[in-house]
Amino acid sequence: MMPFFKSIKKNKQDQAIAAADRITRLQASNLPKHIAIITDGNGRWAKKRGLPRTAGHAAGMKKVREIIRAADELGIQVLTYYSFSTENWKRPQDEVDYLMKLPIEFLKTDLNELIKRNVKVQMLGEKSKTPSETQKALEEFEEKTKHNSGLILNFAINYGSRSEMISAMKQMINDVQQGHIKPDDVTEDLMDSYLFTKDIPDPDLVIRTSGEIRISNFLLWQIAYSELCFTDTLWPDFDAEAFFQAIEDFQHRTRRYGAVK
Ligand code: IPE
Ligand code: IPE
Ligand code: MG
């Protein structure tokens, strides 16, 4: 028993040293301002263990907390999680119910820590179409952290990029009809101002876990020039070390925005 236990401890120590080493290797001047994460693979993580899919979501929630802490300690300005898409309503009802209860649970366990960390929590997506208890929890997060000036933490819940753009277009057309704007006023900046992400810089880095190489209707307008990082790791197996690794990869990219470097 003992040598095995010792080796685990040593392994953990090594991991901590490796993580600290990686943080010091990250260039403080070239950190992504905004990191957006498609937290995928909870269901497969659970299936591999013979557990119900909901157990994967519970394990994923712990990683959401771990990466918030890592991002905050690193001084990242904006962290966005894709937590529930407009297409995820197609899942079995018990799974949807479980996912809709998670924010209520997270409010109980994590609101105080987020307040202490000066984190400002915001929601992207149509909150009003979530169950009323969920909506109440989401609003309480926003209300109780709205004056905080630290990390901006966005949760995309009942979020779909196409529906966000359609709603922006409808509002714009309405504003033209009301005479508030003219068609010539429509610019990229104006479009930004009609999106859930208004006032937030576009993601510099998008991470998707679980080996799927697709965007799944996430921030289509906003990621025009984001760096994309795909990893095979399932979300419940992702950790701070993997997060720092993704940032290190980002720091080796050359961003050209169509120009010549
Ligand atoms: C991501 O994990 C969480 C949500 C989409 C809510 P999945 O539940 O999609 O996990 P997989 O893709 O089935 O493994
Ligand atoms: C994307 O994952 C949405 C979230 C992580 C919330 P999905 O698991 O829903 O995406 P697809 O169905 O594999 O494209
Ligand atoms: Mg999935």
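A Cβ is built for glycine as well, from the same backbone N, Cα and C atoms used for every other residue.
Keep in mind that what you see is a predicted model, and the values were worked out from it rather than measured.
TrEMBL lists ASP40 with the feature active site. Its Cβ taken as reference, ASP40 (active site) is surrounded by 20 other Cβ atoms within 10 Å in the chains shown. Under DSSP, ASP40 (active site) is assigned to coil, being neither helix nor strand in the three-state scheme.
Taking Cβ-Cβ distances under 8 Å and a sequence separation of 6 or more, the neighbours of ASN88 (active site, proton acceptor) in its chain are VAL96, LEU99. What TrEMBL records for ASN88 is active site, proton acceptor.
The annotation Mg(2+) binding site is assigned in TrEMBL to ASP40, GLU227.
Annotation source TrEMBL lists substrate binding site at 41-45, ARG53, HIS57, 85-87, TRP89, ARG91, ARG208, 214-216. Classification of THR86 (substrate binding site) by DSSP places it in coil, neither helical nor stranded.
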Spatially closest candidate among HIS57, THR86, TRP89, ARG208, GLU227, the listed binding-site residues, to ASP40 (active site) (Cα to Cα): ARG208
DSSP state at GLU227 (Mg(2+) binding site), helix/strand/coil: strand
From ASP40, GLY41, GLY43, ILE215, which recorded positions have a C-beta atom under 6 Å away from some atom of ligand 1? ASP40, GLY41, GLY43
